[in-house]
């Protein structure tokens, strides 16, 4: 690992660069094969497993030959998402039932995204939305709400008034004047104030839920969005951009966070994932799970750690193509210099893979094979070194990243921001890249304010994760260098060789 960021530039005079640039605009058909278990579910087309055994593609890392950033030069924008068949439906049965791991597949669900009906895309100058517009009002008196209390947004005063009334079982003198309750008058008529609390939906039982009901959230967001659009028309353009990216995201990535979370929480009509926690359950899983990239008779003679590692490689290759397809739908991306498009994808794909991998993880394990299986964290750690070290940093990142409680609409913009990073080594024309990213950052900031009004620091926290992701990729490349030295019979997929070449 002697290279630095400055050493990792792509030589525009080299044959490798010519091959890379040629392949970026030409679809390369790859042979579909089978693989073991890749704990992500977003991808590129498959490549024959026999390539993995071809030692001409070993860790000696040959020149660029097979990058499949296909058809990047053809933009296509669609404002209406196309429904996809759910890839997780299978015609097999799961027999293994483990009480020890039932609790592992339980996490908090993620609320679906909210968007307005506007879909036109614009590129307007940035104007910061007024902070006052983002202040949510108390549903009872109109004062600034301090949070979601007893089922509605309420200020501290009305929250305390309602709590005292309920706990002390207070009964107020009846008033038939239907007094108006607002910030200055709320203490004048306790009867009408309590009736207003009940009328807007405050309930002592609602405290246990802790989260805003989705219908209430959508109504509130609609009110806020309408106010913002009237005073700041540019925000409507940013939300339209966010909707476009979300639609493209849904079409590009089969297993979304919403689907993954539904599986992990048992809130899906599909069968529960088969739990793989040791060698015996792994063997049973190979019989029960429809693995997409493995031919069992050919592969069972290989060591388990190597088979899983090869499966991860193939799933990564699939990921590159889906990320590439998504990138082509980011407004302005296909108009960039072709060489810069290659560079942005080369440096960005693995950061995005690990971002989306977090959606499939909880602290105990990860979904595999399009949600058909669940491989435990402890089993992955038990693989012999250095293979047992590969996934642990991803789990550590996922636990912290998932604590931000992002949904797919947030992730759609975030991964676009990752792709359009103007500080990647070797870029030829940085200015247009930074202009696109600036627009995406504005859309992300507004999206987070609308979708997470209670998390004022979320935007800053999310940007910090971009630094964490780069560190994870650097450590991953370092582990690959260890494998290169210790596993002389191992081979690395040709496409991944090209991406990893001179990468950090």
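Even glycines carry a Cβ here, placed using N, Cα and C.
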Per Swiss-Prot, which of 96-116, 117-137, 138-158, 201-221 is zinc finger?
138-158
Under Swiss-Prot, which of the candidate ranges 485-493, 494-502 is annotated motif '9aaTAD'?
494-502
Out of 37-59, 60-82, 175-197, let me know the one Swiss-Prot marks zinc finger.
175-197
Please work out the number of neighbouring Cβ atoms within 10 Å of the Cβ of residue 251 (ubiquitin cross-link), leaving out its own Cβ.
17
